[in-house]
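Read through the structure below, which is laid out as structure tokens, and then see the notes.
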Amino acid sequence: MTYAVKECFLTLQGEGVQTGSRAVFLRFAGCNLWSGRETDRATAQCRFCDTDFVGTDGVNGGKFVSAEALADHVERLWGEGSERRLVVVTGGEPMLQLDSPLIDALHARGLRVAVESNGTLAATPGIDWLCISPKAGTEVVQRKGDELKLVWPQAGIDPAALEDWDFAHFLVQPMDGPAGSVEAAIALVMRRPRWRLSLQSHKVVGLA
Ligand SMILES: C[S@@+](CC[C@H](N)C(=O)[O-])C[C@H]1O[C@@H](n2cnc3c(N)ncnc32)[C@H](O)[C@@H]1O
Ligand SMILES: Nc1nc2[nH]cc(C(=O)O)c2c(=O)[nH]1
Ligand code: SF4
Ligand SMILES: [Mg+2]
């Protein structure tokens, strides 16, 4: 399998329960809910994306011809030290490319594998931390994982209907862009205490 990687970099996880953790981000190119072209945004299934995932031209991006080569690349970016090695696999939609050989190759290098997915594709077995972020109007098949991260507000999603999905943590994250998202997210937590606020802390402190 050849992997198309938009970018890969060492930073802190900015979102969710693992916020603040040192992590290599592995951002795959491509998504099944948007082409990534601005001219298509208004007609896409997911219209609020904050990410450029088109092509392989980002920092440490490229085409990787094998799982071993890509896992070596991730390990190099982590650097020295075997403690608490973490890779966050995202995109684009990572489940278009994250397969068992790559998970095995990352595990063989001592990395825990976290994933950020839209949940429309079944997650590959072996992931250590699975974050699913549902998008209105899509069929979420992956209803089990570690954290459910709802970007809010989203017309067409009823948070109450998500609460019986099999997740350990229910997070609401203000949609970056529209005015009033933070207030709307706080109001949701106040109304439904199952949910906790997730802020995109990397944007606050100026990390990638
Ligand atoms: C760029 S997506 C890539 C992973 C996957 N495609 C997904 O949507 O979960 C990474 C995370 O950013 C969230 N996100 C995207 N655009 C956002 C925005 N404008 N405001 C807040 N979170 C956003 C997504 O919901 C997801 O949790
Ligand atoms: N620092 C940082 N944390 C993140 N957590 C999820 C991200 C993503 O784009 O998937 C992200 C990201 O892009 N940067
Ligand atoms: S599903 Fe994820 S990567 Fe795809 S357009 Fe939406 S937020 Fe962006
Ligand atoms: Mg991001």
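Even glycines carry a Cβ here, placed using N, Cα and C.
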Annotated companion of L12, Q13, G14, R27 at the substrate site, TrEMBL, chosen from T56, T90, T120: T90
Per-region confidence, the domain 'Radical SAM core' (18-208) (mean pLDDT, whole number): 98
Cα-nearest neighbour of P174 (S-adenosyl-L-methionine binding site) within the listed binding-site residues, L12, G14, R27: G14
Cβ-based neighbourhood (8 Å from the centroid) of the [4Fe-4S] cluster site, residues C31, C46, C49 excluded: L33, W34, G36, A44, Q45, R47, F48, T51, F53, G92, E93, N118, K135
Entries of R27, C31, C46, F48, D50, S133 (binding-site residues) sitting next to ligand 2, with Cβ under 6 Å as the cut-off: none
Binding-site residues close to ligand 3 - of Q13, G14, R27, C46, S133, P174, only those whose C-beta is under 6 Å away: C46
